[in-house]
Amino acid sequence: MPRRRQRHMVGSGSDGTEDSDSSAEREQTNSSESDGNLSKRQRLTRASTRLSQSSQDTPDLKRAADHDESPPLTPTGNAPSSESELDISSPNASHDESQAKDQASRDSDKDLSHRPKRRRCHETYNFNMKCPTPGCNSLGHLTGKHERHFAVSGCPLYHNLSADECKVKAISREKQEDELKGQEENNSRHATRHQTPTSKQSKYKEQVAEMRKGRNSGLQKEQKEKHMEHRQTHSNTREPLLENITSEYDLELFRKAQARASEDLEKLRIQGQITEGSNMIKTILFGRYELDTWYHSPYPEEYARLGRLYVCEFCLKYMKSQTILRRHMAKCVWKHPPGDEVYRKGGISVFEVDGKKNKIYCQNLCLLAKLFLDHKTLYYDVEPFLFYVMTEADNTGCHLVGYFSKEKNSFLNYNVSCILTMPQYMRQGFGKMLIDFSYLLSKVEERVGSPERPLSDLGLISYRSYWKEVLLRYMYNFQGKEISIKEISQETAVNPVDIVSTLQSLQMLKYWKGKHLVLKRQDLIDEWRAKEIKRGNSNKTIDPSSLKWTPPKGT
């Protein structure tokens, strides 16, 4: 025991290794002191030999070995990835049995003394993250319940408070909540609905009215100068000064609401539903669907840090809460996208929306699409594009199914710049309908079209499936002996490069005697035909006769 006490008092090494080495070396013989400068490899060999001997000699050493079965933690809080991260350096070991017992006991105590230091690395905070408020050290929290914060919503400095003030306010709020709970418990459970207010309630109402008397008195000259100076000094990096703008009662209510919202965000962060420094929009409420998002979208910061976004499915306006969405839907006059309806068959319609004439709608559509597309980079510069929005109609309006955009003047003959099918309508044939419609427009324009690259993963799968279907249908209906890729391209409006890549993937293109030959694989054609018969007369096809559209001129 005296040896252990002396070892804890000597030295100031961060991991305690040097302290244990120095204390043990003073207890060794002169021969062990002379061997202190041996190579690291020899020391590790002797240490492993000593541990193997001691584990066979005494049950105490077995307990120490059992304690070391789980890998020790590195200073990063993770299991070590190599032997170099393990704390196995030790003084010279003697072959004497008693020395081995004492040394193993000290090693066990050393591990126990180290463990609290390493356990602190397992806290839920990411110390590499910092609060974005200038001059903030990320200490404290607006709620007064957490030691650190990483977002503006929980920053005491941004709200012109200190960490200690937040803790004091948190204690005061808890006391008030306890008092209110006590009053509620004292009230009768069988009280009538229109019960007259009690004397305490009437007295509290008079106090609130008294506190709110001077809330509209306005700021004095000194107070205005103070507010202006604060705004000029900190600009948007701090919350405006709120004192003397309204009554103390209303200001305290506002502070309570801020603290409660910050606590809710902190709970979501701890649960992993939101992460610092990344997109916090995890779900959107869109019509009667709640959709999980896939990628980041550059919505404004005040909306992006919300866990859920509420979007009107007709005008695509985004909102912060369901209450705002409900009020908006009550007065929203839109029941279909703006622009001209250029196609209708059954309940399926396609609207042509000009990005120059309906800029806000198209920008909102791009922001919504980015939540489900990885490669999309167009958000706000929508004027050079036309948007073709597909909808499905019912008695409540035309619901967004998907869309594609195309440049008004494309030098490379791209007929699609961006294409998306909403997640709730995927795997139902609407993706192929959008692709087929884009090629139908190219046929009317008498052009050969191709989608703009790079395609997303789902987009590439959809296009390859469409090109395969187009080629097999053409092969099935073709009755001649010689076939030309140029003729296929002119009839289907598919780019020759896309045709060649599809034929190669189907192993229908061969090079023989200096010529490229197109093989008519009857097995693939029969397989496609069987699927067509099984599918029957599906309404998930584009009817060219239902298109009422002429190519735009001078746009």
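Numbering starts at 1 and runs along the chain as it is shown here.
A Cβ is built for glycine as well, from the same backbone N, Cα and C atoms used for every other residue.
What TrEMBL says about this one:
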{"type": "ACT_SITE", "residues": "E452", "note": "active site, proton donor/acceptor"}
{"type": "COMPBIAS", "residues": "29-58", "note": "compositional bias 'Polar residues'"}
{"type": "COMPBIAS", "residues": "59-70", "note": "compositional bias 'Basic and acidic residues'"}
{"type": "COMPBIAS", "residues": "75-93", "note": "compositional bias 'Polar residues'"}
{"type": "COMPBIAS", "residues": "94-114", "note": "compositional bias 'Basic and acidic residues'"}
{"type": "COMPBIAS", "residues": "175-188", "note": "compositional bias 'Basic and acidic residues'"}
{"type": "COMPBIAS", "residues": "203-213", "note": "compositional bias 'Basic and acidic residues'"}
{"type": "COMPBIAS", "residues": "221-236", "note": "compositional bias 'Basic and acidic residues'"}
{"type": "DOMAIN", "residues": "276-551", "note": "domain 'MYST-type HAT'"}
{"type": "REGION", "residues": "1-119", "note": "region 'Disordered'"}
{"type": "REGION", "residues": "175-236", "note": "region 'Disordered'"}
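When Cβ atoms from all protein chains are considered, those within 10 Å of the residue listed as 'active site, proton donor/acceptor' total 17, not counting its own. For the compositional bias 'Basic and acidic residues' (221-236), the number of residues in each DSSP class (helix H, G, I; strand E, B; coil) is 16 helix, 0 strand, 0 coil. Along the domain 'MYST-type HAT' (276-551), the predicted structure has mean pLDDT 89.
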